[in-house]
Amino acid sequence: MKPLSPLTLSFLLFVFITTLSLAFSNEDVEQVLDVNGKPIFPGGQYYILPAIRGPPGGGVRLGRTGDLTCPVTVLQDRREVKNGLPVKFVIPGISPGIIFTGTPIEIEYTKKPNCAKSSKWLVFVDNVIQKACVGIGGPENYPGIQTLSGLFKIEKHESGFGYKLGFCIKGSPTCLDVGRFDNDEAGRRLNLTEHESFQVVFVEAEANDAEFIKSVV
């Protein structure tokens, strides 16, 4: 492995210190942890589960909704015993590899159906139900449907327990929480909301414990 030059090393150290300084200058910013108190790291595989298990349902997975021909809509499984599909978090650009609350991130599934252009999460506008919903893929998967570019983030939930996801629209100061919407489908859709956010926790997924795409409908 080629050793890093002093200039590169200094730059990376500067980025790391600057990020930490910005993070800890805000008392509300903290490192995101999984249910076992371990830090969440980019590239790791995690299940997104409801903070309160039971009738509220299980983890998040993919499903086919509306007139979409590919299972690209992100749904919360109605079955509380299901963990859903694991995701990984990516910090765009150069980063110290630490995810704090409020850090802009990309979220993507570790597996995707062949018909999906990408495994990355995005937001599409379903005009039938008048909701901005979370999905994966690319514009090709949403013919005639508006898709929104932007980045996600993780914040502490208002209750003080668990976290919530947010989405910030590219080129706009607008950021909205991710909530749930029940449209009497195979699962509850994840959608952008100004009201009740989806209270979640993160569970590290074992490599041999991932559910496969056959679980989608």
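Our numbering is plain: 1 for the first residue shown, then up by one each step along the chain.
Cβ coordinates are placed from backbone N, Cα and C, and glycine is handled just like the others.
Here is what Swiss-Prot records for this protein:
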- 1-26: signal peptide (SIGNAL)
- CYS70-CYS115: disulfide bond (DISULFID)
- CYS168-CYS175: disulfide bond (DISULFID)
- ASN191: N-linked glycosylation site (CARBOHYD)
### Summary
By a three-class reduction of DSSP, CYS70 (disulfide bond) is assigned coil
#### Entry: the residue listed as 'N-linked glycosylation site': secondary structure state under DSSP, collapsed to three categories
strand
### Task
Identify, in sequence order, the residues in the chain of CYS168 (disulfide bond) that are 6 or more apart from it along the sequence and have a CB within less than 8 Å of its CB; answer 'none' if there are none.
PRO104, GLY150, LEU151, PHE152, LYS153, THR174, CYS175
### Message
Measuring Cα to Cα, how far is CYS70 (disulfide bond) from the residue listed as 'N-linked glycosylation site' in Å?
### Response
18
### Query
Cβ distance under 8 Å to ASN191 (N-linked glycosylation site), same chain, sequence separation 6 or more: which residues?
LYS131, ALA132, CYS133, VAL134, VAL178, GLY179, ARG180, PHE181
### Summary
The most crowded of the disulfide-bonded residues CYS70, CYS175, judged by neighbouring Cβ atoms within 10 Å of its own Cβ, is CYS70
